There are 2 protein chains.
Amino acid sequence: MAFHYPNGKPFETQAQSKLTPTTNYGSRGMTLEEEINLSNQYYLDADIAVVHKKPTPIQIVKVDYPKRSQAVIKEAYFRTPSTTDYNGVYRGFYLDFEAKETKNKTSFPLKNFHAHQIKHMQQCLKQDGICFVVMRFVTLKRLFVYPASDLIAIWHAATVDDGRKSIPLTTIEHDGFELTPQLQPLIPYLTGVDWLIQTKRGKNHE
Amino acid sequence: MAFHYPNGKPFETQAQSKLTPTTNYGSRGMTLEEEINLSNQYYLDADIAVVHKKPTPIQIVKVDYPKRSQAVIKEAYFRTPSTTDYNGVYRGFYLDFEAKETKNKTSFPLKNFHAHQIKHMQQCLKQDGICFVVMRFVTLKRLFVYPASDLIAIWHAATVDDGRKSIPLTTIEHDGFELTPQLQPLIPYLTGVDWLIQTKRGKNHE
């Protein structure tokens, strides 16, 4: 993956986007994670933001050190991450987010999130980080940036009151920011971040 | 690891520190990484900052899925990280740093850093992140927060001019911030971050 721009700036991608009907979007068989990773690489190469996916945490039990070759991990286990998958910096703002998709058509199931991720997002909000979820409705081919503050409120309501276990699409349409997929970056989530910053949504403000 | 404070604020640790002579510091056999991790846990529990060590990136080749038990990774390899080890958020500021130690007494060898880490710190500085290194001189029992901007300048001078391959301690004393180890947190690196913010050292300011 390398994008080269003579002046360090991205090419105008609007015209290019028009060459590729948006209805083709998602048909390449890439997961949301892969598309976010490509988008992060684009933002990094164009000096727009520095965001990386965190590696999957692994508990290493046994490592072999063969002569004249690299170490081989022979026994290890997946560990539960204690944070969200993505974080980084954009124009001085700390970004922290999770990317999740659903095949549902009318709501986004809360089971996509874990208690430790909700807690982590709360902690980051307290420190004035910009926290959100990139949500994809796979079947509908629709993408949203949804503020962590709204997710946290719904999560706690669901836990305490044994309430609804998913977020209605209408709620996400109302409180989130819909992204229009494009060619470069595939998932322009920073437009949603600009919206979060401008509207102060999802931020902890005194 | 859990610290409980009745009012969510850390206890005044100055008094406690005096009970533990600083000359004992480092004799517990903890690595710098372990001490930074404990300090991060302290900052997290006290709602002061949210900083985590990134997991070591692993290339997974083979996974077994035994019946009725968890997946076992049977073959995997260590990958080179593309970023620094630590990042997070503190009072709205994006923090990004590396922790390194040396047994040298008069200078800090540049071989402790890799080109990809230097590049990553440059990228984060461009986005107005707060980037630095926590440096420990093991033998001297001295600890510093050293601005990434100074490290980057010395790194490039060393590369281009085939210049000196280490940073003299006198330079680190002059351009860095010396930390006084204490009981809670063991490594109070945020005092160095406050200094970086106040003096605007290590920040990219127009």
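Heads up, residue numbers simply count up from 1 along the chain you see.
Here the Cβ of each residue, glycine as well, is placed from N, Cα and C on the backbone.
TrEMBL annotations: computationally assigned, not manually curated.
It should be emphasised that the depicted structure is a prediction, and the values quoted were computed from it without experimental measurement.
What TrEMBL records for this protein:
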- A:Thr83, A:Asp85, A:Glu98, A:Gln117: Mg(2+) binding site (BINDING)
- A:13-24: compositional bias 'Polar residues' (COMPBIAS)
- A:1-24: region 'Disordered' (REGION)
- A:Lys100: site 'Transition state stabilizer' (SITE)
Inset, instruction - Under 8 Å Cβ to Cβ from A:Lys100 (site 'Transition state stabilizer'), same chain, six or more residues apart: give me those in sequence order, or none if nothing qualifies. - result: A:Leu32, A:Phe108, A:Asn112, A:Phe113, A:Val133, A:Val134, A:Met135, A:Arg136
Inset, instruction - Give the sequence-ordered set of same-chain residues, not counting A:Thr83, A:Asp85, A:Glu98, A:Gln117, with Cβ within 8 Å of the centre of the Cβ atoms defining the Mg(2+) site. - result: A:Lys54, A:Pro81, A:Thr84, A:Tyr86, A:Asp96, A:Phe97, A:His120, A:Met121
Inset, instruction - Quick one: of A:Asp85, A:Glu98, which of the binding-site residues has the smallest count of other CB atoms within 10 A? - result: A:Asp85
Legend entry - Among A:Thr83, A:Asp85, A:Lys100 (the recorded positions), residues with Cβ under 8 Å to chain B, listed in sequence order: A:Thr83
Inset, instruction - Determine the Cβ neighbour count for A:Gln117 (Mg(2+) binding site): the number of other Cβ atoms within 10 Å of its Cβ. - result: 22
Inset, instruction - Kindly assign A:Glu98 (Mg(2+) binding site) to one of the three DSSP-derived states: helix, strand or coil. - result: strand
Inset, instruction - Taking the Cβ of A:Thr83 (Mg(2+) binding site) as the reference point, list residues of the same chain whose Cβ is under 8 angstroms away and which are at least six residues distant in sequence. - result: A:Lys54, A:Asp96, A:His116, A:Gln117, A:His120
